[in-house]
Amino acid sequence: MNRVPDDAEHAHSSSVESCPSLRDVHSINPTQLVARIESYEGREKKGISDVRRTFCLFVTFDLLFITLLWIIELNVKGGIETTLEKEVLHYDYSSSYFDIFLLAVFRFKVLILAYAMCRLRHWWAIAFTTAVTSAFLLAKVIISQLFSQGAFGYVLPIISFILAWIETWFLDFKVLPQEAEEENRLLIAQDASERAALLHPGVFSDRQFYSPPESVAG
C-alpha cells in the first residue's frame, strides 16, 4: 500500500537533487548579460570609440602644433607678412617650411577622413601617410639647406617625423586591437545571452515556475 507514495517521494527527491546540478552547469545570469550587451551597444551607437576619439584628437594636435611652430618660424625670420610672402608666393624647396605645414594638413585630412568619417578599421591609411611623410622629410633634409637656417631647420622636420610615427604606433597598438577586443566581447556576450534564453526560456518574463505541492496520492 505504501509503494506508490514511496515512489512519488523518491521521484520528487531525485528531481530536487537534480536542480542544483543544472544550476551549477548553466550558471548564467541573463540580467547581467543583457546589461553588458546594452552597454556594448551603447558604445556602438556613439559612432566612435573613446580610443579612436583620442587618436583623432592627437591628429588634430599634430596639425595645430606644426602650424604653431611654422608661425613662430615666420615671426623669427622678420615678420609674418614678409616671410609668408617669401615662403608661399615665392616658394623654394630648399629653404621654405611651407611644405612641412602642407604635409601636416595632408596627414590631418587623410586620417580624419579615414578613421573619423569613414571609421576605417585597417592600417593602410596611416601606413600611406607615414610613408609619404617619412620619404618627403628625408628627401627634404638631404637635398635642402634647412640646417643652415638655425634651430627651426632641425625642429620642424624632426617634430613632424616623430608625430607621424607616434600616430602610427597609437593606431596599430591601441586603437585597432582595443576595438577588436570590444567587438569580440560583444559577440561573446550576445552568444551567451542567446544560450541563456534557450536554457531558461522564461527568465525574461515576470512569471515564475513553481513545483506542485506534494501529494500523498502521487
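Heads up, the Cβ atoms here are built off N, Cα and C, so glycines get one too.
Remember, it's a predicted structure, so these values are computed and weren't measured experimentally.
Per TrEMBL, the feature region 'Disordered' maps to 1-22.
Feature annotation from TrEMBL assigns compositional bias 'Basic and acidic residues' to 1-12.
If you look up TrEMBL, you'll see 48-218 marked as domain 'MENTAL'.
Within the chain carrying the transmembrane segment (55-76), a Cβ under 8 angstroms from the stretch's Cβ atoms is held by residues 48, 83-84, 87, 97-98, 100-101, 103-105, 107-108, 111-112, 115-116, 150, 152, 155-156, 159-160, 163-164, 166-167, 170-171, 174-175, all 6 or more beyond its ends. Here TrEMBL flags 55-76 (among others) as transmembrane segment.
Distant neighbours of the transmembrane segment (96-116): 48, 52, 55-56, 59-60, 62-63, 66-67, 70, 73, 86-88, 125-126, 128-129, 132-133, 136-137, 140, 146, 152, 156-157, 160, 164, 167, 171, 175; these residues of the same chain sit at least 6 beyond its ends, with a Cβ under 8 Å from one of its Cβ atoms. Feature annotation from TrEMBL assigns transmembrane segment to 96-116 (among others).
If you look at the transmembrane segment (123-145), the same-chain residues 6 or more away from its ends with a CB under 8 A from one of its CBs are 93-95, 99-100, 103, 106-107, 110-111, 114-115, 157, 160-161, 164-165, 167-168, 171-172, 176. Summarising the annotation, TrEMBL assigns transmembrane segment to 123-145 (among others).
The transmembrane segment annotation in TrEMBL covers 151-171 (among others). Under 8 Å from some Cβ of the transmembrane segment (151-171) lie the Cβ atoms of residues 54-55, 58-59, 62, 65-66, 69-70, 72-73, 76, 97, 100, 103-104, 107, 111, 115, 123, 126-127, 129-130, 133-134, 137, 140-141, all in the same chain and six or more residues away from its ends.
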